[in-house]
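Note sheet for the following structure.
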Amino acid sequence: MATTGISESPPAAPAPPAPAALELRGVTKEFSLRRSRTVTALESVDLTVGHGEFVALLGPSGCGKSTVLRMVAGLEEPTYGEVLVEGGAPAHLVRRHRLGIAFQEHALLPWASAYDNIALPFRVAGRPVDAARVTELLELVGLEGFADARPRQLSGGMRQRVAIARALVLDPEVLLLDEPFGALDAVTRRRMNFELARIWADQRITTLLVTHDVDEAVLLADRVVVLTGRPGTVRHVEEITLPRPRDRALARNAEFHDIVDRLTALLDEGAE
Amino acid sequence: MNGRAPQHGTRALHATGRLLSRYWTVLALVAAWGAWVRTQHLNQIVAPTPAAVFGDVLDNPGAYAPDLGWTLLNAAVGVALGMLLGLAGALLVWTSPVLSGLMTPMALIMRSVPVVAMIPVIARVVGFGTAAVLTITTVVSFFPVFVLAGSGLRAAPAATRDVFTVLAASGLTRLRLLLLPGAVPALLVALRLTAPTAVLAAMLAEYLLGTHGLGQLFARSVTFMDPARAWGTALVATVVSVLCFVGARAAERQGTARFT
Ligand SMILES: Nc1ncnc2c1ncn2[C@@H]1O[C@H](COP(=O)(O)OP(=O)(O)O)[C@@H](O)[C@H]1O
Ligand SMILES: [Mg+2]
């Protein structure tokens, strides 16, 4: 409201581009060890994830994948550089309960039923539990009949489904998954991959998935970011243009195998 | 008649067999006690026979009941206060690393001090009577609860704590929904450890400082040279603390199954 006429409104400048959903700018992360020694986990990593994009962070274990994810979740601070979520600090999104996360360890409450575990984010956020929403998610992850089951009564794959449903229940803007199927056997793991592809197609949430499984990354992602080395650096970014929905027919897709072979070779070189 | 009675008979026999195979040591102990009294021709004042002792307890339950009730009340109130204060202490330590550095080593030292050594000190501070007895049972239960509740509060897996952090859980919410339920198994272990000890500590304190209770009954029986009553008191105390242990263990099993 310029009443004096001194300040002039800028000439119709192009609107600034909407911030990316996730952005890492020149991020380096050092951990301090005992006796003032430090270890560098990540070295000048740049990474951008667009809205509604599914990005897989692929790399051998120890290259800093989890560290990236933990920084995006606000669980760690970068030593140098900047981590932005929706243009702001991760803490902003966390405070508004807009971030969903699931780990390799299901991290469910052992004394609570599947229903109560999925309802947990409502209770932590101090909101009344939306029973319809919880039931909807139980259905989405295919566990309608297991609402009252406690984690120990569920199989490993079912527990991870509950954990993913819990991450989704508050309808987050960003979903973070750290090797969610890392503890499952190969067959269950692949089955869960297709489950997640289906769930994601239904929700289209901005997702960052950390994995060391090449097939899993290619099968799920719009883009695969390959991280190698110690300290970890971005070695390659692969756009995955395979058609969706991606289902078991992918196993017969030559392009799929092509990409998998290429990325596997990259990881192999990175390990030298 | 209809083939059922024999079945019942076999089942009862089986049950008896199981009981015998599990608790034969107890029977052997009682038998050895009887044999010892008989072969040594001990005076009844020195050592009464098992029959005399069991007989006294079974024939005069009224003589034991009020004191037993009093002792159980002392023990129960002591355990309850000890659990409450122990948990409160563990929570204080949880909120402040400074307090933790101060209290934890002290608790570990105090835990290894035997009750008998504490009694004169406590008597000096709070005097004789019920207050002293309650203080002792409380102190005896406090330290195991404090230590176990402390580790119970830290038992939540790192990944679950991270989930709470990403959900922006307040300290109080984290405590209520994650840490306290997670500490229940540890608290039940503490209960199993303290319940039988508290009964014996209550008796010991009553014997030395009290006015009522099994400890006093024992003291009176010794003074009035009623060995069957004195030994009967010991027998009742033993049975009761074993029952406390069995009860607490059952609670622990139930709770562990529910909370893990
Ligand atoms: N809290 C920590 N303290 C010290 N070093 C850490 C910590 N977290 C991770 N690191 C180190 O950082 C490197 C990357 O770890 P991480 O991100 O877990 O790798 P990844 O998930 O790819 O297996 C490893 O060398 C690991 O030892
Ligand atoms: Mg990892």
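Cβ from N, Cα, C; glycine included.
TrEMBL: automatically predicted annotations, no manual curation.
The transmembrane segment annotation in TrEMBL covers B:20-37, B:68-94, B:106-126, B:132-156, B:177-210, B:230-251. For B:68-252, the entry in TrEMBL reads domain 'ABC transmembrane type-1'.
Within the same chain, the transmembrane segment (B:230-251) packs against the transmembrane segment (B:68-94): three or more Cβ pairs sit under 8 Å, each pair at least 6 residues apart. Ranking B:20-37, B:68-94, B:106-126, B:132-156 by CB pairs under 8 A with the transmembrane segment (B:177-210) puts B:132-156 at the top. Among residues of the same chain six or more beyond the transmembrane segment (B:132-156), those with a C-beta under 8 A of the stretch's C-beta atoms are 74-75, 77-79, 81-83, 85-87, 89-91, 93-94, 103-104, 107-108, 110-111, 115, 118-119, 122-123, 125-126, 178-180, 182-187, 189-190, 193-194, 197-198, 201-202, 204-206, 209-210, 213.
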